[in-house]
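Quick look at what TrEMBL lists:
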| type | residues | note |
| --- | --- | --- |
| DOMAIN | A:44-278 | domain 'Ion transport' |
| DOMAIN | A:395-661 | domain 'Ion transport' |
| TRANSMEM | A:45-63 | transmembrane segment |
| TRANSMEM | A:92-110 | transmembrane segment |
| TRANSMEM | A:122-143 | transmembrane segment |
| TRANSMEM | A:180-202 | transmembrane segment |
| TRANSMEM | A:253-275 | transmembrane segment |
| TRANSMEM | A:395-417 | transmembrane segment |
| TRANSMEM | A:429-448 | transmembrane segment |
| TRANSMEM | A:469-487 | transmembrane segment |
| TRANSMEM | A:499-518 | transmembrane segment |
| TRANSMEM | A:543-563 | transmembrane segment |
| TRANSMEM | A:636-658 | transmembrane segment |
There are 2 protein chains.
Amino acid sequence: GTGADNDLYINQAVVFIEDAIQYRSINHRVDSKSLWLYRWYYSRTWQWILSLTITIILALAFVEEPSSLTVTSDVRYRLPAWNPPCGLTEGIELLCFLVFLLDVSVKSYLIGWKEFWKNKWLMAYIMTLIVSLTDWIVSLSFFCRESVRIRRILRPFFLLQNSSMMKKTLKSINSTLPEMASVVLLLAVHLSLFTMFAMLLFARTKDNQQDKEWVVYFRNLPDSLTSLLVLLTTANNPDVMIPAYSKNRAYSIFFILFTVLGNLFLMNLLTAIIYNQFRGYLLKSVQSSLFRRRLGIRAAFEVLSSLRETPPNAQQFYVSAGAIEQVLQKVEMDSRCKQAIMRSLKICSCDQLSAAQFQKLFEELDKDAIMHHPPSPEYQSHFMQKMQFAFGHPYFGYLGNVVALANIVSICVVLVLDADKQPSERDDFFLGAINCFFILYYLLEMLLKILAMGLRRYLSYPSNRFDGLLTVILLILEIATFAEYGFPHPGWRPEFMGLLSLWDMVRLVNMLIVFRFLRIIPNMKFMALVVTTLLDLVKNLRAFAGILVVVFYAFAITGIMLFKGAVVPLGNTSAANTTHNNATLQCGTYEQLEYWPNNFDDFAGENVISWCSAHFQAEFTTYLFSVNLICRWAKIYFVAWWLISSVIWVNLFVALLLENFIHKWDRRCQRESLSDIEYQGTVELMFRDVLEEPTEEELMEKLHQHPHLQLCR
Amino acid sequence: GTGADNDLYINQAVVFIEDAIQYRSINHRVDSKSLWLYRWYYSRTWQWILSLTITIILALAFVEEPSSLTVTSDVRYRLPAWNPPCGLTEGIELLCFLVFLLDVSVKSYLIGWKEFWKNKWLMAYIMTLIVSLTDWIVSLSFFCRESVRIRRILRPFFLLQNSSMMKKTLKSINSTLPEMASVVLLLAVHLSLFTMFAMLLFARTKDNQQDKEWVVYFRNLPDSLTSLLVLLTTANNPDVMIPAYSKNRAYSIFFILFTVLGNLFLMNLLTAIIYNQFRGYLLKSVQSSLFRRRLGIRAAFEVLSSLRETPPNAQQFYVSAGAIEQVLQKVEMDSRCKQAIMRSLKICSCDQLSAAQFQKLFEELDKDAIMHHPPSPEYQSHFMQKMQFAFGHPYFGYLGNVVALANIVSICVVLVLDADKQPSERDDFFLGAINCFFILYYLLEMLLKILAMGLRRYLSYPSNRFDGLLTVILLILEIATFAEYGFPHPGWRPEFMGLLSLWDMVRLVNMLIVFRFLRIIPNMKFMALVVTTLLDLVKNLRAFAGILVVVFYAFAITGIMLFKGAVVPLGNTSAANTTHNNATLQCGTYEQLEYWPNNFDDFAGENVISWCSAHFQAEFTTYLFSVNLICRWAKIYFVAWWLISSVIWVNLFVALLLENFIHKWDRRCQRESLSDIEYQGTVELMFRDVLEEPTEEELMEKLHQHPHLQLCR
């Protein structure tokens, strides 16, 4: 019937506009039931459940055997960790898999059968689920005693497939790979030629005292390659050349030449290539988001224009204002935006809207929300007005900064004075008394500001919220301290014990005071710029960070599987034997360096290792390669990790930072005059001036390609 | 008289055109004698003398007391170096100063008295000379026994003032300083806040076994600052957190947070800022060069147009072709260019040239020289033609590459097999025989190529020149080897001694073969691009490199002055005592690490230290700060050096590399089709499409501002 049809059209329009708001693709089923399912699928609840499930399944690695639930990861001191009984984590895992199964079937249904076969991500999703479930069954049938669990490595895939940004980023990283491979090849050629040179230069000689270089670094091909690879990261920079340099100054030329060519030129060339590839990346992605938004709105217009109530007009299509209002009521969107659109619909006061008018109506979505701070209270009393003027003035804020600085300096002075004192010699009276006064000042400052600005205006500034929260916490801590230990007096010994020792309380207060000092940031122009750039960057980096997490996770799990138990404490448990003599150990080995906590026995520890090895460092390299003695594959594993994390990912990060910063900087210069308006800066806004609006033809062509929507024209 | 006037005008035009060719400023005196002096000053001879003088005065540091003329710089083995007698280096220095005096007086005279007072560089030049000469006199009057020689630190100034590129670069570095300072300030805030946090977190506790972190890294404020500063460079990355991490996993969060914020965000922000500042740098400098060229040519036109022979024309000025020809005869320039200009002058066949025509005539200067390789010889014989086809074909070159690769692989195999052999067990027969065959093949390849291409065409390719030269050297070495030790036979022992041992000869041959393998570069497209980018970069980097040399030199000299003799060998001379036990030394000290050759006792050694410390590394940092025990200032000295060299200079380098590479890359994509023409790529050409031609008005305005030239209109 017509009514049902109209309802369907309205619902379609609602969903299309929601798609536009969220920059989603509109290529999904559009019948009534599917629309209901679609809205449910993209409802906050389901998306939240999905995110929670992904978080849980990823976090399982910390709890699963080998669990990370020990205070230390040092093999010498570590107590046996609590391991969950067989079936507990597996049960949780099964629940997660069920959620994913539901997710994948709804998703597949919604995009339709035809599209499904074209969508490699969905296929991979299903494959991953099948493999994981099989592995899970194998695991249970062995009563969790099987050694290899493939499904643990596959887990990050669930994170990857859930984010369209990450998939897009992965695609563009993929397109950079050929060029990166060229530079890596160049690096390999550089490395191998220099290795041959080195082996010829530092060959074994008759004189045993002369060939230290050979013994330590260039004994054979793998050793030489390793030495120079590590030199490429400048990790063993002076060490590797010391024996040769000690023999003859001229040998230093070889090493300097190698480092200049490899580290300075080729490594930075990699940065240049990656930056060059990613230069347009942000712009392109914002452009395609814009296209999706325009397309969604246009689709909504098209379905609304086929509503029966519209008078059939062969030339131009129109949409009635009533239908729009009906749709807007149903759309879930930011209430501020919705009101603005309603208002402009009323102002327009036309009964029929053309496609262009309809698009214009929704331009409100692209506009930056200008923050309006609530007004200050208006006091009648003359005295109160003066107070308000005094304490609402920026100078009062500056005074607060100066006082915070004074507090920091006083803490610093006490720290320097107390640095070498035995804990028993310490007296917290001075610091306690001073901090008490400062915290009272902070409280006073907060209250006066609230008085001057009114509570709502005070809270509308993020810096005030930060400030106020810390002040309240400090006050609570201080009151707790006084309640427990009385007021500061000479001989207020830090070893008084309560819930926490007085010493810990004072330290905590001091740390919070140091942290509170960050409130100066918005007052310094350049710092504010840098910090907002960094915050923006963090938003744009989510996709990259996600991919890093995926790689990190896979590497960490592989590391545990390969090298679990590779680091074994020396001889009989030397945990108690803390006085053991360092001199009996050879320098540079991990025993001497006490790298005991760095082992491959649990997930958290493995993560820290990966973090450390991303910054290839001299001693740590030695450590990594002494693991090599235990397992030959460790070397390849770590070189691969270094290439991916340090070389490629760090360069990607630099490229993105450059891109972001340069745009931001240019924009700042343009908007210097408008600086007192706070923008809720989004990437879209950053590129406002350079974005191209999609043309009518492009939109209509795309609409006609829609797999489920039949347009009447 | 008119004739003399005409001669003057011609000479002026000649000098202006030479200025245009060399992109020099035209603001100099233009009377007859000054012009002669000017041409003499910019003649190759005088410029060569000047460069030589600068090289000599800079190189003196290697020879002067403390001289670097020892084979090793290891304090344990070093023999007392030969020090030049008092007066020798001082005499050479005086000669250099005299040359500089002449230089500065000619320069000052040529730009004229008025301009001289505005030129700060010239004033500084004179001041430097005065201080240096005073210091020199003091030095001689103490019979070279004075301890402080200021003039040594001032020397790099002579390098600086002689290059206009370096002065320009310095200016633009200078304009970046405020923003760099902001980031450095941010880094300082970051560092100091985290230091306070660390001191509060890792405070001394009662339990002595628990506070290893405190003992080693955070004992007091300077120690804590140092630990975290070094962590900022990730040099002590895992070490610094090991004791705390061993106590509790959670402490790793502190260190990871610090590194992410400091090293990943803030340090890369510095790169972004510097890149942002230098983005337009190359373009701007090329644009100003273009302006100078156009201005020089315009000035030449103006003076020529006031020649008496020209018929006075109120509206437009003309220059006669005869006068141009006269000028061209006298101008010193590339003969190819000169011929091209002459030719187009004849083709034009107009008697009078307007300003535009005149400019157009000299556009030949901007054109890229397309390399024309001489033609191959044409053989009559059918057999020879076939030979020519076969050996002139690229596949023959590829075959050569494959053979070179095979040679490399064979050397590699022998190296791997021989790696662990005692020198007395080695037998060079196999490698000798193989190399002999390969070198014969190389000779054959060279001869066949010469046959196919003709000697001139063969030599016109740089890759062939490289190849041929190495082949000839290899041949000579091989013949010398055979003459000395006979043909390879089993038991061809490497220890046979001649001028060089057979072992050394074979190693040398192998190294050259490895080096010769670089001929594959032009055959690999991406590699060729990278290498040409790097070569271009080296050209553009000269100014930066010069500034680095200046800073390096000043730091090295300061280092010698401050820390000479700071590194003293352990106890009684342990030079002979090579069996001394490592175990008795504490790990991580420079005694254990055997950093003896790294000392501050001479210039060459100091240079190597500076190089190493530019890449702050873990052990090396320990070393640098153990020097601190001897002298407190060393720490500040090294931190300053690290900031300048590693942070600022490396970032400048990256910025320039990005700029260069991205332009080159864009250009490559445009010119894909023209790729078979070899361009002699210059920076000017890279920017051809984006450069703006200066307008007539700009040129004339600048000309009217000329301090010495009176134009008739």
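Quick reminder: no glycine exception, Cβ is built from N, Cα and C everywhere.
Panel annotation: around the transmembrane segment (A:92-110), residues 28-29, 34, 37-38, 41, 49-50, 53, 56-57, 60, 116, 122, 125-126, 129, 132-133, 136, 151, 158 of the same chain, lying at least six beyond its termini, place a Cβ under 8 Å from a Cβ of the stretch. Among residues of the same chain six or more beyond the transmembrane segment (A:429-448), those with a C-beta under 8 A of the stretch's C-beta atoms are 387, 391, 396, 400, 403-404, 406-407, 410-411, 414, 467-468, 471, 474-475, 478, 481, 487-492, 506, 509-510, 513, 516.
Beyond its flanks by at least six residues, the transmembrane segment (A:122-143) meets 86-87, 90, 93-94, 97, 100-101, 104, 107-108, 111, 116, 149-151, 154-155, 157-158, 161 of its own chain at Cβ-Cβ distances under 8 Å.
The list of residues near the transmembrane segment (A:45-63) in space but at least 6 beyond its ends in sequence, with Cβ under 8 angstroms from a Cβ of it, reads 69, 84, 89, 92-93, 95-96, 99-100, 103, 152, 155-156, 158-159, 162, 549, 553, 556-557, 602-604. Counted as Cβ pairs under 8 Å, contacts with the transmembrane segment (A:499-518) are highest for A:469-487 among A:253-275, A:395-417, A:469-487. Here the transmembrane segment (A:253-275) has long-range neighbours at 176, 179-180, 183-184, 186-187, 190-191, 194, 197-198, 201, 228, 231-234, 237, 240-241, 244-245, 647-648, 651-652, 654-655, 658-659, meaning same-chain residues at least 6 beyond its ends whose C-beta is under 8 angstroms from one of its own.
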